[in-house]
């Protein structure tokens, strides 16, 4: 019964958060069981473009290291802030949320190549946290019961804690930088004099992922209207 309740609870999680979290957990489990090796997952431009191992463009975002405190720490932040974004500012806008992932992933891959970064999941986490924090500036955050501060300080606290765990802050800085670029282009620049939205979600994504919008001018047929059918 407990297992069924947990499964039902997980199925209530928004689809993008559910899919990304599950992919990260399954990838880590596969490495832990030695079904996969991290050497098959990391980002390597030579193997991607010369050997056509294109899956590395995705798998480098799914592996957060072996099971341990660092992994659970990252999964906690991925699940929490990805879900809060998807249920908050991206509610009913699944295509826009997926497009944010694509935009961030492509930009991180390009910049990560310049910085010789091999795994970018932590950078993606930092981007999600940064965008959420900028869209919730008045929210107060309790950081593991140790500190309480305004949401915009959270990405920097996360980076400091990541550094204490022995991780490179370069990855966190990359995620914060990409998150700021997205936030500026999506939330700041369109509201400036002469500004406009530059990040337009492709229509095929909207068609694929979003529920069709109802036509306000549509008049239902008599048999579609509520109440007894008039013959």
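Quick reminder: no glycine exception, Cβ is built from N, Cα and C everywhere.
Automated prediction, rather than curation, is the source of TrEMBL annotations.
Worth saying up front: this structure is predicted, and the values here are computed from it rather than measured.
Among the ranges 30-53, 54-77, the stretch that TrEMBL annotates as transmembrane segment is 54-77. If one looks beyond the transmembrane segment (97-120) by at least 6 residues along the same chain, the residues whose Cβ comes under 8 Å of a Cβ in the stretch are 16, 20, 38, 41-45, 57, 60-61, 63-65, 85-86, 90, 127, 131, 170-171, 174-175, 177-179, 181-182, 186, 199, 201-202, 205, 209.
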